[in-house]
Structures are given as structure tokens and as C-alpha cells.
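Undergrad: Here it is, the structure in full.
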Amino acid sequence: MKKEKAVVVFSGGQDSTTCLFWAIQQFEEVEAVTFNYNQRHKLEIDCAVEIAKELGIKHTILDMSLLNQLAPNALTRTDMEITHEEGELPSTFVDGRNLLFLSFAAVLAKQVGARHIVTGVCETDFSGYPDCRDVFVKSLNVTLNLSMDYPFVIHTPLMWIDKAETWKLSDELGAFEFVREKTLTCYNGIIGDGCGECPACQLRKAGLDTYLQEREGASN
């Protein structure tokens, strides 16, 4: 364990909660930051608050509602359908979201004396989001270091693993049941296994089913 402090970009979903448990094992002190950008389901923020409280993690919520003014999308607007047409970005993509989130997380991290930032972005299950790519994160890391003259390190524990491997990681961290029962991934705002129909739920379930099959096979 590093005797240092980390800030986790935290939404209360499967990926960021797995990253939170990862950070707790990696760093002596961990804080979480959640962004309120008027997302479709306010339950996401409530979920993040409850998880942080249960784990005894200091938790900051930042108002990023300006994102909805700049880039209306299906994650913030109930009148927009969740779609993903071939050759186009998904309607759930929010222009500049991870750029802004990581930048503000870095400002917060510096203020609280942390140089490590942890985020659950992932290129393996790449959903067409350009701001989930490794090259983007590495580029932004350099930019943030230059902009604040501060040695930030952005950690992406999930970058090269798929959803099944993310479930495996949560199991290795002793957090499998916690993540399965208490996180919110569903675009329709249903905690745990979700609605089973939206793209996020389908990806989560496919990964879970694959991992459970692998785990069962390994135990036989």
C-alpha cells in the first residue's frame, strides 16, 4: 500500500465502485468525488452517497450542471432516446464529460494534498466514447501536470479489462456481492441487476454471466 492519498472519480456504478475498492487497497487515504450534471436519474448520486458513507470515505459532490447546458444528451434528457447507430457516437455520449471530470478531480486532488486520481474508464468495452481511450487519459495526465505544475498520476485499473474481468477484480478485492447488490449501472435507474434491457444492463449482465461461468468452471 502506498502511503499516499488518492481521489476516485465516483458515480456509484459498477466500474467506479470497483475502482474505489481498488484504491482503498492501494492507498493509505482515499477520497471520492461525484459530479452532479443533472443526470437523468438523481438516484445515481444518492447511490454514490450511500456507498461512500458505508465505506467511510470522505465524499465531495461538485455541481457540473453546465454540462447539460452545453451538451444535451440521453443521459441528462428524458425526452431523448438512448440510441447507438452504426458509425455514430451513442446518444449517451456527453461531449467533454471525462475531460471536465478529470480536470476538476485534479483541482480537488491538489487542494486536498493528493496526486493520485483513479477513474474507471475502459477501452476494452469501448462504447464509442473517445474520452475513454488510453491515449486520451495519458494526454490529459501530461496536460494537467503542466497546467498546475503538479505530479498527478491518473490510474485506470479497468482500462484493458472487459466486464467479466471487472467482475473478477471486484471478487479478488472482496467486493463482489457489494458491487452486485449496491451499485447503479442501469440507465433506467434500477440498483443492482437493473432493468436488464438498456445497453448498460446488457453489458453488465453479459460480463457477470461470463465471469460466473468461469468461476464455476474453475471450482469444478
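A Cβ is built for glycine as well, from the same backbone N, Cα and C atoms used for every other residue.
Quick paste from Swiss-Prot:
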- Phe10, Ser11, Gly12, Gly13, Gln14, Asp15, Ser16, Thr17, Thr18, Cys19, Leu20: ATP binding site (BINDING)
- Cys186, Cys195, Cys198, Cys201: Zn(2+) binding site (BINDING)
Undergrad: Expressed to the nearest Å, what is the distance separating Gly12 (ATP binding site) and Cys186 (Zn(2+) binding site) at their Cα atoms?
TA: 11
Undergrad: To the nearest whole angstrom, state the Cα distance for the pair Cys198 (Zn(2+) binding site) and Gln14 (ATP binding site).
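TA: Cα of Cys198 (Zn(2+) binding site) to Cα of Gln14 (ATP binding site) measures 15 Å after rounding.
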Undergrad: Round to a whole number and give the Cα-to-Cα distance in Å for the pair Cys186 (Zn(2+) binding site) and Gln14 (ATP binding site).
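TA: Cα of Cys186 (Zn(2+) binding site) to Cα of Gln14 (ATP binding site) measures 10 Å after rounding.
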Undergrad: Specify the count of other C-beta atoms within 10 Å of the C-beta of Cys201 (Zn(2+) binding site).
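TA: For Cys201 (Zn(2+) binding site), the count of other Cβ atoms within 10 Å is 18.
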Undergrad: Determine which residues of this chain, when Phe10, Ser11, Gly12, Gly13, Gln14, Asp15, Ser16, Thr17, Thr18, Cys19, Leu20 are set aside, have a Cβ within 8 Å of the centroid of the ATP site's Cβ atoms, and list them as they appear in the sequence.
TA: Val8, Gly120, Thr183
Undergrad: Taking the Cα atoms as reference points, how far is Cys195 (Zn(2+) binding site) from Ser16 (ATP binding site) in Å?
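TA: Approximately 20 Å lies between the Cα of Cys195 (Zn(2+) binding site) and that of Ser16 (ATP binding site).
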